Amino acid sequence: MKIDINLNDDNKNYSVFIDELKNLKFKGKVAVITNSKVGGLYLGEILNLIDADEIFSVCIPDGEQYKNLAMIEYILEQLFVSRLERNSTLIALGGGVISDMTGFAASIYERGINFINIPTTLLAQVDASVGGKTGVNNKFGKNLIGTFYQPKAVYCETKFLNSLPNREFNAGMAEVIKMATMFDKDFFKFIQDNSVENSQILKQIIAKCVEIKAGVVAKDEKESGIRAVLNYGHTFAHVIEMQTNYKKFLHGEAVAIGINMANHLACKLGLLSKKDLDIIEQTLIKFGLPTTYRISDEEVFYDSFFLDKKSENKKIKFILPNGIGSYALRNDIDKNSVLDILRMFK
């Protein structure tokens, strides 16, 4: 299966291939960027598929806490030592962290070289590997340092998901539920009514998410408008991740909690019915996802929103469901209304 990402620029257009990974032929050198966990499972298989002048691999530790500038510097040093040139290619083999970091390294190495994504987690296949967002975290927040830089291709292999722990798989389902809640009521019902243990159902879910994201990115590559909707749940999630030092929750788990918080705010504003709020929360719980987080200080939590990339002119932009299958972008919500919701999670 092939899904095209059309950005109205032949230098940026590319395709997402689902279960079509075969031999990969490149001009110049290739470096595969992976982590210690994924490398042990799949690096050898991927290296055997590559035909290039020279092939290298760079293995970094596994975990969101390593998604920082220091690790980018390490990756770049390995590329310089291997003498990669402008016609070289990086391959991201891993989850969302590897995708973000490899894309960022590719965008700044010698002012930009090609890269492709081979995502090995559900979260990366349905979201992180598609759309060209790259970057790292710092002490001020998540993904605050980065670039928009499109891959040359993305290869989503569902067989890679067989080795995922249940917790990792479920974290990816948070992003699937996000897409369905924002954009497609029928897709949401499909998720409710079908088992992801069925490989064909799972393939359909991945394809649908890629199609949704492809449509959004085609309209708004650099998040100046509709693409911000893909951050539903993330305004809250990024604060949760930062407060827990990226160690307590997987990204998708934090997103699930953020979705529930956003939904309570939407319900308070009359955008979402209590019935739909409960339906979405129960769907998250069905996939073993957390929906609560104990906020120790709602004022501190609220102030952290202003570090969010979407905040402008001292106003926080909230992405909220307007029923299931539709969305609302709001930057006019008064502080007390938000604090009321945050106090519900104390």
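Glycine too: its Cβ is placed from the backbone N, Cα and C atoms.
Residues or ranges marked as NAD(+) binding site by Swiss-Prot on the basis of sequence analysis: 62-67, 96-100, 120-121, K133, K142. Summarising the annotation, Swiss-Prot assigns Zn(2+) binding site to E175, H234, H251 and lists sequence analysis as the type of evidence.
For the recorded site, K142 (NAD(+) binding site), the DSSP three-state label reads strand.
Counting in whole angstrom, E175 (Zn(2+) binding site) lies 22 from Y66 (NAD(+) binding site) by their C-alpha atoms. Annotated pair H251 (Zn(2+) binding site) and T121 (NAD(+) binding site), C-alpha to C-alpha distance, rounded: 12 Å. A gap of 10 Å separates the Cα atoms of H234 (Zn(2+) binding site) and K142 (NAD(+) binding site).
Sequence-distant contacts (6 or more apart, same chain, Cβ under 8 Å) of G96 (NAD(+) binding site) comprise P119, T121, L123, A124, D127, A128, S129, H251. A C-beta separation below 8 Å, combined with a sequence spacing of at least six in one chain, links K142 (NAD(+) binding site) to H238, E241, M242. Mapped onto three states, the DSSP output places G96 (NAD(+) binding site) in helix. Neighbours of the Zn(2+) site: apart from E175, H234, H251, residues of the same chain with C-beta atoms within 8 angstroms of the site's C-beta centroid are G96, L123, D127, A174, K178, G233, A237, G252, A254, V255, G258. Comparing the binding-site residues E64, D100 by how many other C-beta atoms lie within 10 angstroms of each C-beta, the top residue is D100.
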